[in-house]
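Q: Quick paste of what TrEMBL says about this protein:
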TRANSMEM  5-23  transmembrane segment
TRANSMEM  29-49  transmembrane segment
TRANSMEM  56-77  transmembrane segment
TRANSMEM  97-116  transmembrane segment
TRANSMEM  128-152  transmembrane segment
TRANSMEM  172-189  transmembrane segment
Amino acid sequence: MNRKWVLGIMLCILSGVLIWSGIQPVQKSLWFYESGPSVLLVLALLITYRRFPLTTLTYTITFISCIIMMIGAHYTYAEVPFFEKITETFHFSRNHFDRFGHFFFGVNVAAFLREISIRTSKIKGKKLFPIWVLSITLALSAAYELLELLFGSLFTENVQEFMGYQGDIFDSHWDMVMALLGGIALLLLSKWHDRQIESVTGKMAGRDD
């Protein structure tokens with residue numbers, strides 16, 4: 001299928017899921033906070049699409065990440081029904097949807113870092129490049145946790161509920177671990193990612209000639 005058609009279908013699905021997400025969310029006060037990043041991210045990618053189109057892999061990962069954020073915004077990350085069933089089936093002590101979300105956060109951040117760095121600099125050939133990608137991914141995950149804590153402390157009455165600890169005092173630590181694992185998972189797709197980067201940059205070069 002044509003790449004533009006695929007991206008168009010993704011955009012239509014995202015629009016539909018966003019509308020659904022905003023209809024009677026579990027916590028209206030949190031909906032804008034939880035769904036806002038996905039909307040801003042999609043808008044940024046739309047604005048930069050013609051000048052700096054990304055690979056289909058990166059767009060697909062972003063699509064999945066945005067879907068996760070919108071679902072989390074609708075139900076709250078601690079109450080997503082499907083993961084509640086998993087919790088009951090395997091007798092987990094908490095709903096792990098937020099862990100799933102942070103894993104894809106790591107995948108998404110690493111994909112952006114790899115692609116933008118490779119296409120705008122000569123850093124790819126460096127032996128420490130994968131470590132650099134993982135370090136920045138982990139740093140951004142930690143920054144997100146700190147911003148979330150700051151926001152919760154300033155604007156909510158129950159910080160632990162806002163942060164989604166679900167009784168786990170090491171919740172933020174596990175979130176960062178999952179983001180790191182997500183970054184590692186993306187690096188395992190490096191060869192596939194590189195082929196797509198070469199394809200996109202080749203098409204852009206042909207368009208400029």
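Cβ atoms are placed via backbone N, Cα and C, with glycine included.
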Q: Considering only Cβ pairs within less than 8 angstroms, which of the stretches 5-23, 97-116, 128-152 has the most against the transmembrane segment (29-49)?
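A: Result: 5-23.
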Q: For the transmembrane segment (5-23), find every same-chain residue at least 6 residues outside the stretch whose CB is under 8 Å from a CB in it, and list them.
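A: For the transmembrane segment (5-23), the nonlocal Cβ contacts are 31, 35, 38-39, 42, 46, 56, 59-60, 63, 66-67, 70-71, 73-74.
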Q: Which residues of the chain, 6 or more past the ends of the transmembrane segment (56-77), have a CB below 8 A from one of its CBs?
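A: Apart from its flanks, the transmembrane segment (56-77) reaches 3, 6-7, 10, 13-14, 17-18, 20-22, 25-27, 30-31, 33-35, 37-38, 41-42, 45, 95, 97-98, 100-101, 104-105, 107-108, 111-112, 115, 164, 186, 189, 192-193, 196.
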Q: Where else in the chain does the transmembrane segment (97-116) make close Cβ contacts, counting only residues six or more beyond its ends and a cut-off under 8 Å?
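A: Distant Cβ neighbours of the transmembrane segment (97-116) are 54-55, 57-58, 61-62, 64-65, 68-69, 71-72, 77-78, 80, 83, 133-134, 136-137, 140-141, 144, 164, 171, 174-176, 178-187, 190, 193, 197.
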Q: Using Cβ atoms and a strict cutoff of less than 8 Å, what residues sit near the transmembrane segment (172-189) while being 6 or more residues removed from its termini?
A: 57, 61, 98-100, 102-111, 114, 130, 133-134, 137-138, 140-142, 145, 149, 163
